[in-house]
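Colleague: Following this message is one structure expressed as structure tokens.
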């Protein structure tokens, strides 16, 4: 067995290098190609440049706050009103079920 340089990383040891070069493909076979491909592609560990972060909002500006999404209640209220009107038509204004023959307060015409 040949002596191995202790300062050399393990993927550069003799016999540990794969026959094919590394590529940019992220398929399962290429992710397990070698130790370096596994850490970069399989685990997503990269010691390259970090992405630039957005600067933090200055605390001195009171108007600069995180936007809060508005609640859209107008549409819900319209739907509720329509449903209440529909229920009122079906039951009558007193809340009792409408009997077509004996209904005097409902706008229904008997025979419909």
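From the backbone N, Cα and C atoms, a Cβ is placed for every residue, glycine too.
Take a look at what Swiss-Prot says about it:
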REGION    1-48  region 'Transactivation'
REGION    1-24  region 'Interaction with human CREBBP'
REGION    22-37  region 'Cysteine-rich'
MOD_RES   28  N6-acetyllysine
REGION    38-48  region 'Core'
REGION    45-112  region 'Disordered'
REGION    49-82  region 'Interaction with the host capping enzyme RNGTT'
MOD_RES   50  N6-acetyllysine
MOD_RES   51  N6-acetyllysine
MOD_RES   52  asymmetric dimethylarginine
MOD_RES   53  asymmetric dimethylarginine
COMPBIAS  93-112  compositional bias 'Polar residues'
Colleague: Give me the Cα-Cα distance between residue 51 (N6-acetyllysine) and residue 28 (N6-acetyllysine), rounded to a whole Å.
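Modeller: That separation, Cα to Cα, works out to 26 Å.
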Colleague: I need to check the long-range neighbours of the region 'Core' (38-48): which residues 6 or more away from its ends have a CB within less than 8 Å of a CB in the stretch?
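Modeller: Hits for the region 'Core' (38-48): 26, 30-32.
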Colleague: In three-state terms from DSSP, label residue 52 (asymmetric dimethylarginine) for me.
Modeller: coil
Colleague: Grab the same-chain neighbours of the region 'Interaction with human CREBBP' (1-24) for me: Cβ-Cβ under 8 Å, and only residues 6 or more beyond its ends, written as numbers and ranges.
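Modeller: Contacts of the region 'Interaction with human CREBBP' (1-24) (Cβ under 8 Å, skipping residues fewer than 6 from its ends): 30, 33-37.
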Colleague: Round to a whole number and give the Cα-to-Cα distance in Å for the pair residue 28 (N6-acetyllysine) and residue 50 (N6-acetyllysine).
Modeller: 25
Colleague: Between 28, 53, which of the modified residues has the fewest other CB atoms within 10 angstroms in the structure shown?
Modeller: 53
Colleague: Given the modified residues 50, 51, which one is most crowded in terms of C-beta atoms within 10 angstroms?
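Modeller: Within the set of modified residues, the most crowded position is 50.
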Colleague: According to DSSP, collapsed to three classes, what secondary structure does residue 28 (N6-acetyllysine) have?
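Modeller: In three-state terms, residue 28 (N6-acetyllysine) counts as helix.
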Colleague: Within the region 'Cysteine-rich' (22-37) only, compute the mean pLDDT.
Modeller: 88
Colleague: Near residue 52 (asymmetric dimethylarginine), how many other Cβ atoms are within 10 Å of its Cβ?
Modeller: 6
